[in-house]
Amino acid sequence: MKALIVLGLVLLSVTVQGKVFERCELARTLKRLGMDGYRGISLANWMCLAKWESGYNTRATNYNAGDRSTDYGIFQINSRYWCNDGKTPGAVNACHLSCSALLQDNIADAVACAKRVVRDPQGIRAWVAWRNRCQNRDVRQYVQGCGV
């Protein structure tokens with residue numbers, strides 16, 4: 001009985017924490033979902049962005065007190081413009097989805113929304129972490145050894 005309780009608590013903690021992808025697992029997943037070369041953006045750049053935005057964590061969130069918005073998920077997609085969290089003033093919801101969809105272990109919705117973000121004129125430059133950590137840098141290390 002104790003073993004079942006411990007197992008239940010372990011499983012509960014896993015579901016609360018969400019999925020933190022291993023580097024190569026995420027690279028393969030993003031490639032399968034059509035991110036490599038999407039709008040001219042290499043898979044290595046997407047991997048660099050995800051590393052510095054969320055640490056590959058699907059449940060990452062970050063509140064922005066200045067505009068009272070929140071960044072959600074593996075790509076840290078913002079509730080001011082891209083998703084609806086029901087609490088961000090003046091939200092646009094350009095991806096037409098709930099922000100909670102960006103926190104799922106299945107990242108298909110997050111990928112679809114990230115593709116929507118880069119179709120705007122700013123492209124991948126919409127992400128501050130990409131500009132600060134990935135732009136004009138050798139990002140091959142993020143996919144090295146992954147066979148992608």
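Cβ atoms are placed via backbone N, Cα and C, with glycine included.
Taken straight from Swiss-Prot:
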SIGNAL    1-18  signal peptide
DOMAIN    19-148  domain 'C-type lysozyme'
DISULFID  Cys24-Cys146  disulfide bond
DISULFID  Cys48-Cys134  disulfide bond
ACT_SITE  Glu53  active site
ACT_SITE  Asp71  active site
DISULFID  Cys83-Cys99  disulfide bond
DISULFID  Cys95-Cys113  disulfide bond
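Overlay of Swiss-Prot annotations on the structure.
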residue	record	CB count, 10 Å
Cys24	disulfide bond	16
Cys48	disulfide bond	25
Glu53	active site	22
Asp71	active site	24
Cys83	disulfide bond	29
Cys95	disulfide bond	22
Cys99	disulfide bond	26
Cys113	disulfide bond	23
Cys134	disulfide bond	21
Cys146	disulfide bond	17
Integer Cα-Cα distance in angstrom, Cys99 (disulfide bond) to Asp71 (active site): 9
DSSP residue counts for the domain 'C-type lysozyme' (19-148), split into helix, strand and coil: 51 helix, 16 strand, 63 coil
Per-residue pLDDT averaged over the domain 'C-type lysozyme' (19-148), given as an integer: 97
Cα-Cα distance linking Cys48 (disulfide bond) and Cys24 (disulfide bond), given in Å to the nearest integer: 12
Separation of alpha carbons, Cys83 (disulfide bond) and Asp71 (active site) (Å): 9
Alpha-carbon spacing, Glu53 (active site) to Cys113 (disulfide bond), which is rounded to whole Å: 15
Disulfide-bonded residues near Cys83 (disulfide bond) (Cα-Cα within 10 Å), from Cys48, Cys113, Cys146: Cys113
